[in-house]
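Colleague: Starting off with a structure, shown below.
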Amino acid sequence: MRVIRNATLADGRVRDVRIGDDGHIDAVGTDLAGETLRDATGKRLLPGMIDAHVHFRQPGYGHKETWASGSRSAAAGGVTTVVDQPNTDPPTVDGAAFDEKATLARDSLVDFGINGGVTGDWDPEALFDRPLFALGEVFLADSTGDMGIDPELFERAVRRATEEEVVVTVHAEDASYFDESARERDDPEAWSAYRTAKAEAVAVAQAVEVGEDVGASIHIAHASTPEGIDQANAAGATTEVSPHHLFLSREDQPDLGTFGRMNPPLRSEERRLAVFDRVADGTVDIVATDHAPHTREEKDAGIWDAPSGVPGVETALPLLLAEAERGRLSYERVRDLTAANVADIFSLPRKGRIEAGRDADLVLVDPSAEREIRASDLHTNCDWTPFEGMTGIFPELSMVRGSVVWESDDPERGVGRFFGEQGKNVRDL
Ligand SMILES: NC(=O)N[C@@H](CC(=O)O)C(=O)O
Ligand SMILES: [Zn+2]
Ligand SMILES: [Zn+2]
């Protein structure tokens, strides 16, 4: 059995981690017998990030991203499990669409979950007959793919999912609270002025009220305001924040233009700081990337015409680790936000922690190897990033169920190699 020696875990303990031939963590201890895979002295070892919110764009939009390219980007960013959203073409709202996506997901280098979706033509019988990860994002307003549904269908879907004991993840914006007067503007902040913070707060309140009535597990996707987070938290719903709402604000819009357009939109610097505080103090449950690639050509349009969404799967953990190195987040908080809490919320008992018996989904980082984020170094098909020029701590090595899937030979440039078996559907493990 192979041993990663002398690694510093998220809680500061220095331990050997022995990996069983079956891909599980065999033991965490000191002076463990076994063949040394890595001497990890001075390095941090974390559970692989479980990214509960990605758009890998297949079927239907393979020109933006594919399961192969998106999952390589994930592996190089320390993400060892991804969860794909239903706004593909066809949308993942029936059995055939799920099966089509499950076939395409065989290209994934990392483990994955496939969410079911809801539209007027959804087929819950067939959908809940598949190994769904969760139901969602259920769109309370249109976003990419125009899958917005009305409150009556939302309640029916929440009831159905709850019968199946499936978590419902919600895209919480209420279009009746968008500021239509912003349509006269065409400056970069027009999109943030249009999709108001109030629209999020109202939609969160609606979603968690249905959740409480039904006794559902409601998870608020990409929460972007302190108001929305606090409302969800007060109602016992779980919350997710995306890196762009943690590290970017309306103040970056003049530089980003449409490359900073996403739903929900960037918020004020004041709200960004308030959201960051809630991530740091544990009010927010998880960080997920909402990796939503669009091509440069598609984004080269006016603020009202460009598609919404930004990539993030490869840069999320590096950005968070740089904050931990600066002491603004604890390493334990990063572990909980990106792995342990995700495993708890979505019932993944084999993943999310470095403990004997769990999958050996591991990420090894050298805390001193912080470097600049450059789109040219990233492995997604999306050839731009809104985080260009910021800095992050990228993984030296990522492992999925004991198989090394990524090794960075050159930490400076992120040049490395991908290996390993294909990822598996976590609901089939
Ligand atoms: N977030 C976005 O702005 N876009 C996402 C869809 C979504 O998460 O709403 C996409 O798939 O492009
Ligand atoms: Zn969304
Ligand atoms: Zn999304």
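Cβ atoms are placed via backbone N, Cα and C, with glycine included.
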Colleague: From Asp281, Asp285, Asp290, grab the residue that TrEMBL records in the same Zn(2+) 1 site as His53, His55, Glu137.
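Modeller: TrEMBL names Asp290 for this Zn(2+) 1 site.
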Colleague: Select one of His245, His294: the residue that TrEMBL places in the substrate site alongside His55, Phe56, Arg57, Asn87.
Modeller: His294
Colleague: For Glu137 (Zn(2+) 1 binding site) and His222 (Zn(2+) 2 binding site), determine the Cα separation and express it in whole Å.
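Modeller: His222 (Zn(2+) 2 binding site) has its Cα 10 Å from the Cα of Glu137 (Zn(2+) 1 binding site).
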Colleague: Excluding near sequence neighbours, so keeping only residues 6 or more apart in the same chain, what lies with its CB under 8 A of His294 (substrate binding site)?
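Modeller: Correct list: Lys64, Ala306, Pro307, Gly309, Cys382.
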Colleague: Could you check which of these binding-site residues, His53, His55, His171, His222, Asp290, sit within 10 Å of Asn87 (substrate binding site), going Cα to Cα?
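Modeller: Final answer, ordered: His55.
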Colleague: If you measure every Cα to Cα pair among His55, Phe56, Arg57, Asn87, His294, the residues listed for substrate, what is the largest value in Å?
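Modeller: Largest Cα to Cα distance for the substrate-binding set is 13 Å.
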Colleague: Using His171 (Zn(2+) 2 binding site) as the reference point, find which of the binding-site residues His53, His55, Arg57 has the shortest Cα-to-Cα distance to it.
Modeller: His53
